[in-house]
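Novice: Would you mind keeping the following structure in view while I ask a few things?
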Amino acid sequence: MESTGGPYLNTAAVTSPVGIARLLQMTFGCTTFSLVAHRGGFSAAYGTFCMFVWTFCFAITVFIVACEFTHLHSCLSLSWGNFTAAFAMLATLMSITAAVIYPLYFVQVGCYPIGCEVRDFRIAASVFAGLLFVAYATEVFLTRAKPGQVTSYMATISGLLKIVQAFVACIIFGALVNDSQYGKYVATQWCVAVYSFCFVVTVVVVAFSVTGKTALLWFPFERSVVIYTFGAVLLYVSAAVIWPVFCFDSKYGSPQRPGLCAKGKCPWDSQLVIAIFTYVNLLLYVLDLAYSQRIRFVSHL
């Protein structure tokens, strides 16, 4: 008797190496937020962020596995390859951030005052949070573009770097709103404009790639992205020069951390974070520009 289930279900979605990695992601993600919700506990903005990361990544991974297993992704108006590659990279960054933040703020060696049982649950949650990061990083490794392979743009090094650039920009924005005093000088306001412009355009590039609408544009998308990346390098070079001068030069700011500056509410700390990640993003855009010379965009995969 001929099987009627074969043509309708894609078993490779759960048996291939990528499928197994996604099953592990669901397992580790569900275990992590269950441990935290049951006894580990969380509080304040840091704990809420970690819980959001674990539940969000779990939900999207379940959606991806369900769509690939049932072939429903073919009914969506998305470039599925670009979508899954972009999400895997984003989930990798978010999960490693949560895997660092949660134990840093909630795990302790002793039992007092939370009790040994709560401490043990928090340690277990931290371990599974680390495993979750490894599972997402494994998917990125497995699905990344290989030399000579025709694949989705977001699976290439340049595409993955776009996600990292946007993520780093979010860190910069978080430091900016944490009393960074960026409005004190016009020069530092220019830096904020650079961060904002590059972030918005990068998100637009990712959005067009994920939705598969690049072929509908009236201008050459591939060339425009390369030109934009070159412009972003120049803009970040200006910010990398201007921001440290107006924050850490003795004429405009403070070369050293003020002694009376409160921990967690010190503008100097925020300015230092912004300076560090400005250079990080500058390096990412330079690498992006170098890799973008060797790829071809494929919007329909």
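Glycine residues also receive a Cβ, built from the backbone N, Cα and C atoms like all the rest.
Just so you know, TrEMBL annotations are computer predictions that nobody has curated.
So TrEMBL has the following annotated:
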type	residues	note
DOMAIN	13-148	domain 'MARVEL'
TRANSMEM	44-66	transmembrane segment
TRANSMEM	78-101	transmembrane segment
TRANSMEM	121-142	transmembrane segment
DOMAIN	153-297	domain 'MARVEL'
TRANSMEM	154-177	transmembrane segment
TRANSMEM	192-218	transmembrane segment
TRANSMEM	225-246	transmembrane segment
TRANSMEM	272-291	transmembrane segment
Novice: For a three-state summary based on DSSP, what are the helix, strand and coil counts in the domain 'MARVEL' (13-148)?
Specialist: 113 helix, 0 strand, 23 coil
Novice: Rank 44-66, 225-246, 272-291 by Cβ pairs under 8 Å to the transmembrane segment (78-101) and hand me the top one.
Specialist: 44-66
Novice: In the domain 'MARVEL' (153-297), how many residues does DSSP assign to helix, to strand and to coil?
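Specialist: Residue counts in helix, strand and coil order: 110 helix, 0 strand, 35 coil.
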Novice: Residue list, the transmembrane segment (154-177) vs rest of chain: Cβ under 8 Å, 6 or more residues beyond ends.
Specialist: 81-83, 85-86, 89-90, 93-94, 140, 143-145, 192, 195, 198-199, 202-203, 205-206, 209-210, 270-271, 273-274, 277-278, 280-281, 284-285, 287-288, 291-292, 295
Novice: Using a threshold of three or more Cβ pairs below 8 Å, and leaving out pairs closer than 6 in sequence, do the transmembrane segment (225-246) and the transmembrane segment (192-218) count as in contact?
Specialist: yes
Novice: For the transmembrane segment (44-66), give me same-chain residues lying six or more residues beyond its boundaries with a C-beta closer than 8 angstroms to one of its C-beta atoms, as numbers and ranges.
Specialist: 13-14, 19, 22-23, 25-26, 29-30, 32-33, 36-37, 72-73, 84, 87, 91, 94-95, 97-98, 101-102, 105-106, 129, 132, 136
